[in-house]
Ligand code: AHG
Ligand code: MN
Ligand code: MN
């Protein structure tokens, strides 16, 4: 007897295993159930907060030179433990591990590759703010028989067979795509089930809300400065409407808001650290989020190219990310093109345009 609700396992069996397609009966649904189990375990650990004894620094740095929190390592281990044994994976990559994690000899190997950011926005932990986890699933090339290595993972994001994130907020949600739209599941904590609550999420095409770390403004490229300035100019500027701004310092929380009500998220190319092409990592942040956003009708670009078409060069490669409502992202893409072709017209500050309160007095 059905109770009319769709649990994650029912959704996956209906969507993957009972439909003809390359991932039917391939084990992908079982792998995603194991990822969901990791997420439930992480949600339980996070809920205990400081009482869990896992707050604070781990006194170590990761491959990016960033200080690791104890919870960065704990959540990384939770993913490994839940996913290494099932015989479905050939290897794993994480923000918190330098190289490819090989499946231990005790377990069988499979055809899938899992890349993840176990704890996104981990600077929010100490302030009891929203954090998340992000994951991406690729399938090994059919002709690849050797143990999974770095090259196995260096594939364009459009080849992902599944991608998703968990958001640990007032409720825990899993948002997922296996290539047929983007769907959201809410964790029913007392039962332990993810229940489909947001079917086929669509990002509004237009929006007047943007998210960017404005403290980096002096390092941005001109097209991004132009876009943000025009938003800030509001009703009296060339966009002729007021815009709102948000910054949560967790890509998961920003993308979730955009899926729910539209908007643009930008961590653009900047010149703060010239050696870095961007802040966010391609394989386990930008690629899965781009897949989710495009499956919900949005766009995701570096500024100049579609993220899902990029061929990764390194496991921990960083990229600029601009994603969200399609008409806004298309506009930012146009601004980059105009700038690169030298067609960028200087924009006027609203302080000095014809509707300004600060119009210079005209001589009598
Ligand atoms: P992580 O905690 O996995 O390192 O990721 C944090 C990322 C991203 O989620 C967020 O948008 C951004 O870094 C925040 O950057 P700022 O510190 O510049 O706010
Ligand atoms: Mn992250
Ligand atoms: Mn992280």
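Just so you know, glycine gets a Cβ as well, placed from its N, Cα and C.
Automatic prediction, not curation, is the source of TrEMBL annotations.
Here the structure is a predicted model, which means the values were calculated and not measured.
TrEMBL annotations:
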DOMAIN    7-198  domain 'Fructose-1-6-bisphosphatase class I N-terminal'
BINDING   95, 117, 119  Mg(2+) 1 binding site
BINDING   117, 120, 285  Mg(2+) 2 binding site
BINDING   120, 121, 122, 123, 213  substrate binding site
DOMAIN    203-336  domain 'Fructose-1-6-bisphosphatase class 1 C-terminal'
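Neighbour density at the Cβ, taken as the number of other Cβ atoms within 10 Å, is lowest among the binding-site residues 95, 117, 120 for 95. When DSSP labels each residue, the domain 'Fructose-1-6-bisphosphatase class 1 C-terminal' (203-336) comes out as 60 helix, 24 strand, 50 coil, counted as helix, strand and coil in that order. Within the same chain, residues at least six positions away from residue 121 (substrate binding site) with a Cβ under 8 Å of its Cβ are 129, 130, 131, 132, 248, 249, 250, 251, 252, 253.
For residue 285 (Mg(2+) 2 binding site), the nearest neighbour among the listed binding-site residues (117, 119, 123, 213), judged by C-alpha distance, is 117. DSSP gives residue 95 (Mg(2+) 1 binding site) a coil state; it is part of no helix or strand.
By the rule that a residue counts when its Cβ sits under 6 Å from some atom of ligand 2, the binding-site residues 119, 120, 122, 123, 213 yield 120. The Cβ of residue 119 (Mg(2+) 1 binding site) has 42, 69, 71, 72, 75, 76, 125, 131, 132, 133 as same-chain neighbours under 8 Å, each 6 or more residues away in sequence.
In the vicinity of ligand 3, defined as a Cβ distance under 6 Å, none of the binding-site residues 121, 123, 213, 285 are placed. Taking Cβ-Cβ distances under 8 Å and a sequence separation of 6 or more, the neighbours of residue 122 (substrate binding site) in its chain are 69, 71, 72, 131.
There are 13 other Cβ atoms within 10 Å of the Cβ belonging to residue 123 (substrate binding site). It is 15 Å from the Cα atom of residue 95 (Mg(2+) 1 binding site) to that of residue 123 (substrate binding site).
Minimal Cβ crowding within 10 Å, among the binding-site residues 213, 285, is found at 213. For the domain 'Fructose-1-6-bisphosphatase class 1 C-terminal' (203-336), the model gives a mean pLDDT of 96.
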